[in-house]
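S.K.: The Zn(2+) 1 binding site feature in Swiss-Prot is assigned to Cys60, Cys62, Cys75, Cys78; the stated evidence is sequence analysis. Summarising the annotation, Swiss-Prot assigns region 'Disordered' to 385-405. Annotated Mg(2+) binding site per Swiss-Prot: Asp535, Asp537, Asp539, in sequence order. Residues or ranges marked as Zn(2+) 2 binding site by Swiss-Prot: Cys886, Cys962, Cys969, Cys972.
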Amino acid sequence: MLDVNFFDELRIGLATADDIRQWSHGEVKKPETINYRTLKPEKDGLFCEKIFGPTRDWECYCGKYKRVRFKGIICERCGVEVTRAKVRRERMGHIELAAPVTHIWYFKGVPSRLGYLLDLAPKDLEKVIYFAAYMITYVDDERRTRDLPSLEAHVSVERQQIENRRDSDLEARAKKLETDLAELEAEGAKADVRRKVREGAEREMKQLRDRAQREIDRLDEVWTRFKNLKVQDLEGDELLYRELRDRFGTYFDGSMGAAALQKRLESFDLDEEAERLREIIRTGKGQKKTRALKRLKVVSAFLQTSNSPKGMVLDCVPVIPPDLRPMVQLDGGRFATSDLNDLYRRVINRNNRLKRLLDLGAPEIIVNNEKRMLQEAVDALFDNGRRGRPVTGPGNRPLKSLSDMLKGKQGRFRQNLLGKRVDYSARSVIVVGPQLKLHQCGLPKAMALELFKPFVMKRLVDLNHAQNIKSAKRMVERGRTVVYDVLEEVIAEHPVLLNRAPTLHRLGIQAFEPQLVEGKAIQIHPLVCTAFNADFDGDQMAVHLPLSAEAQAEARILMLSSNNILKPADGRPVTMPTQDMVLGLFFLTTDGALRNVKGEERSFASVAEAIMAFDAGELSLQSRVDIRFPVGTIPPRGWTPPAREEGEPEWQQGDTFRLRTTLGRALFNELLPEDYPFVDYEVGKKQLSEIVNDLAERYPKVIVAATLDNLKAAGFYWATRSGVTVAISDIVVPEAKKEIVKGYEAQDEKVQKQYERGLITKDERTQELIAIWTKATNEVAEAMNANFPKTNPIFMMVDSGARGNMMQMRQIAGMRGLVSNAKNETIPRPIKASFREGLSVLEYFISTHGARKGLADTALRTADSGYLTRRLVDVSQDVIIREEDCGTERGLKLKIAERGADGVLRKTDDVETSVYARMLAEDVVIDGKVIAPANVDLGDVLIDQLVHHGVEEVKTRSILTCESQVGTCAMCYGRSLATGKLVDIGEAVGIIAAQSIGEPGTQLTMRTFHTGGVAGDDITQGLPRVVELFEARTPKGVAPISEASGRVRIEETEKTKKIVVTPDDGSDETAFPISKRARVLVTEGEHVEVGQKLTVGATNPHDVLRILGQRAVQVHLVGEVQKVYNSQGVSIHDKHIEIIIRQMLRRVTIIESGDAELLPGELVERSKFETENRRVVQEGGHPASGRPQLMGITKASLATESWLSAASFQETTRVLTDAAINAKSDSLIGLKENVIIGKLIPAGTGLSRYRNIRVEPTEEAKAAMYSAVGYDDIDYSPFGTGSGQAVPLEDYDYGPYNQ
């Protein structure tokens, strides 16, 4: 068995017929599969035991040898080797073909590799392969040139003979005509009869002349064709070819079908062809040069590898092992079989028929037809449907060929190699478990017992409850009470993994410590719902059990939910109290200023005293009271100690202090860590998130998790105690609404009248009505807002951020306002009613479209977003942190603060996503003093300090400037946003980046918006815009950018409009044609800079790269992607987007190859380009020149060095064809390649540096160990007391342990 850990690379190549025969264990000669009576495989058939191995372990076909003791014997009666049946999964057979066939991948793929190699158009190639034209495979030029004069003389003689024969025939016919006419005259025939006879004769004579002319023309044609005949000429005219062969057959060879190509490939001189192509590339131009470059790629692929071009034409076809194309008996006695068996059967039938026809010496036309059918059968076997109509099975379903077995989601790569099913897993519905701690989950007993069965059985045997595993198993199945006690013991501290599909980011799988619960539902902690995006309306989750000690350690340390409080996308907490908890804490911390509350203005000596008053009903939670807080409590931020009286000592940090606050807030502060500053304000969702963020930044994870649990418990408790309910009476429609609507209705009528009088156009009327009613809606909303009492439960829900927003409130209690129609245009008639008042039929009807569109959009978005994530993962999967520091001195200058209008320096809005969590690239020095040294992590605290010192921008390390050869380095990446510490070596940051960008994809909108005013000016937004940017497509309605700095001139004719830029340096002016409707951003005579946008719209990233360079396109792409996510309120750190953009700019297009071994126009990895140039320069040669290439993520994934990764992504057959011809080696650097071949991935703990660890005690530890044991403590047996003779071990008395 091949061990995956013993090889470092995997090569793919072209298999020749000899290779196929070498793999094979025998030839399949018959199309039969199994004998339907005995159900045993037919001899020499597709399931033959002699070829593929026995169907039963250690048993031959005829039954002579049974049992393992005959292992390896080949039965002399039936020829079957006695071995395991599983060899039928690995042994191959072959079919010897009676005529060679071409491999469809190399002939029909785009571009056609065979066509490129032989310089034949695919159409011509098809004619030869499918017997529609002859191909000349050999011409004896020397002999032809030598014999040309004699042959020409021979042809002239023949031509003369034809002419002579024609002349004599014509003469004879003329004589006969004279005789006939003389006879008719003598008989006195009429002139009419004589004319008919003459016409008949003339007709015959014309026929004779024409026939002779045709023969002469044919002879000339054959002669001309022969004179100019060269190798690889095609001849589609069967008769002409036959004549050529009959006359000059000794001077050339020609044939049809794959045999012709085979002969041609055997005599094909690769070196000579490569030299010729290089010459064309050096001297040629345009189309000719491009074609030569493409052809040279294929030719040099064969030259530089051990591949032979003959491998593209096959003499025999491999037959894959029978267990990979099984045949199973169904209930009704019928059989279900793999489609491959049908395809193989067609090949064998046609092959056998062809053999028979050849033996019989059948006519060429029949044999050629059979050969063509054989070629088509092999094509269908390799790739059904690639050429012509696919072969169909019952019910007109195309049969699945070998290529289809690999392709697509159900193919071998994606279904079986990248997605495997796992043992020790369970699945059930989830319910909430509010009593759980953050790191716990509730597992149903039945499920836990099944999952932990082996552990439970072992423990039962260890504790002597059962004698052996078998009886332990019986105990478990019968459900004895002791089993559950043992189960409790076994699951303690053994984490399980919970996963909810779809797993959009790494927080979709987390580890928990299981707690046994009754019932059949899994219980999960309410705070992890956000990470899983789970709710309790019937969601299901899967449980997986880590078995090995290493797996358990990884689950506990890396995946435990209490260690995954931060979101990898932006480094902010994801485990946040929501909904009921927010409402409870809001209720707890509100101020009772607006209510009639008990106990206002009282003073208490301690919180306990205040609680006593509350329990006695003397005090309300929301009353403003004075409470003295004990020693150690930290006062609120910004609190000033009261003025002290004479003789009193000054207040010190840590002393007791009095504070005017509420009991609710005092209780809230007891939930937080002791040394956290007192929170003396209303805590809604926003404030809560700031507090949790602060905790995550400043406290250890244990404390954060405990605090979150406290907040959860208190939130639920006080939400219940608050008695918040929703009743129809809580929805208060403002009194002023009628008046407001009436006022705007009058304005509406006024506009309508203006339109009817023809004073305004239809469009203007629509715009004005929309403006009027938008204003009306907003005014009603404001009136409604002011009208709601602060104690109103619905208002409290919205105000605290627990659920809902003001827009929904407006629709419930104000008015619904304007809605849009199916064309996405706003209907100028508003819905004046609110849901509380009820909608009229028309109002209801026009509002249905929006609601339905919302649902349809969501469904579409989910699929598109998933596909985007898949492409992102594929392009970035091999970006792994490979080293501590790449040592670069480059970095990015980023703004951290800007001055407002009031001159005060404030943090910029995007600091969170741009500068936060990066490393400083250089010291920050002010007045000669270092405020922040280089290589230090920019956290919230440090950024605040820098802003305080007046620093506006800093130079930080970035992935875009990282100089690591493979992957990236820890310093350029900076802090791992998921852990809050510097990223570890081995972290798969590429995949995390892809998940962070893809996960919120579903929240992005689908539609393309119409901008107000300009009709038809589509701006792509939301998800399609993100896809457009990452695929590096030219955007719709692209805005040109100036290629030089200079003056602008706008030229406009009746039909066209263009902007002309006259450069300052006097070079040629550039014209940019634009549409008449485009909004121009520059004015006549204005001065523009290089790269300045000339019209409104999106710029083409390829132009930005060409004109402004690599750095500019990186900034442009990051900014544009962030714009889309920011518009939806999604926070993603720039570094994730930078990783993807780095992958898009990884390649260089070679312009001039110099002395390097690179082809012009070739796309190469930047690292390869630099290495090759370094080598050339060292040898004193001329380096290659190239320009950076921006590739879309799909193209970049397919262009990866790893053929395994590319083949498992998309266009499997094309990638494999290419890889095989180039004999590509996969050095197994990325993640996918290693998953496919079953190795541990080279990331995280799969890295060899973590895998090969041995624990060695230090010298001090050894010394400490030995010093602890004194000499006297060691029990040595005295020497010389034994008998000195050896005792056999069986007889030795071991004492009581031997029982």
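Cβ atoms are placed via backbone N, Cα and C, with glycine included.
Tell me what's around each of these sites.
M.R.: Neighbour density for Cys78 (Zn(2+) 1 binding site): within 10 A of its CB lie 16 other CB atoms from the protein chains shown.
Residue counts for the region 'Disordered' (385-405) by DSSP state, with H, G and I taken as helix and E and B as strand, are 7 helix, 2 strand, 12 coil.
In the three-state DSSP reading, Asp539 (Mg(2+) binding site) counts as coil. The number of other Cβ atoms within 10 Å of the Cβ belonging to Asp539 (Mg(2+) binding site), over all protein chains shown, comes to 17.
Same-chain residues at least 6 positions away in sequence with a Cβ under 8 Å from that of Cys962 (Zn(2+) 2 binding site) are, in sequence order, Cys886, Thr888, Thr968, Cys969, Cys972, Tyr973, Arg1142.
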S.K.: Considering Cα atoms only, can you say which of Cys60, Cys62, Cys75, Cys78 is the nearest neighbour of Asp535 (Mg(2+) binding site) among these binding-site residues?
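M.R.: For Asp535 (Mg(2+) binding site), the spatially nearest of the binding-site residues is Cys60.
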S.K.: Whole-number answer please: how many Å between the C-alpha atoms of Cys60 (Zn(2+) 1 binding site) and Asp539 (Mg(2+) binding site)?
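M.R.: Here the two Cα atoms lie 52 Å apart.
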S.K.: How many other Cβ atoms sit within 10 Å of the Cβ of Cys886 (Zn(2+) 2 binding site)?
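M.R.: The answer is 19 other Cβ atoms.
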S.K.: With every protein chain in view, how many other Cβ atoms are within 10 Å of the Cβ of Asp537 (Mg(2+) binding site)?
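M.R.: The answer is 5 other Cβ atoms.
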S.K.: At the level of the C-alpha atoms, what whole-angstrom distance separates Asp539 (Mg(2+) binding site) and Cys78 (Zn(2+) 1 binding site)?
M.R.: 58
S.K.: Return one of helix, strand or coil for Cys75 (Zn(2+) 1 binding site), based on DSSP.
M.R.: coil
S.K.: Quiz question: given the binding-site residues Cys60, Cys62, Cys75, Cys969, Cys972, which has the greatest number of C-beta atoms lying within 10 angstroms of its own C-beta?
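M.R.: When each Cβ's neighbours within 10 Å are tallied, Cys972 tops the list.
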S.K.: For Cys62 (Zn(2+) 1 binding site) and Asp537 (Mg(2+) binding site), determine the Cα separation and express it in whole Å.
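M.R.: Rounded to the nearest whole number, the Cα-Cα distance is 61 Å.
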S.K.: According to DSSP, does Cys972 (Zn(2+) 2 binding site) sit in a helix, a strand, or coil?
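M.R.: DSSP assigns Cys972 (Zn(2+) 2 binding site) to helix.
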S.K.: How many other Cβ atoms are found within 10 Å of the Cβ atom of Asp535 (Mg(2+) binding site), counting all protein chains shown?
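M.R.: Total other Cβ atoms inside 10 Å, all chains included: 10.
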S.K.: Just to verify a number: CA distance, Asp537 (Mg(2+) binding site) to Cys75 (Zn(2+) 1 binding site), in angstrom, no decimals.
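M.R.: Computed Cα spacing between Asp537 (Mg(2+) binding site) and Cys75 (Zn(2+) 1 binding site) is 64 Å.
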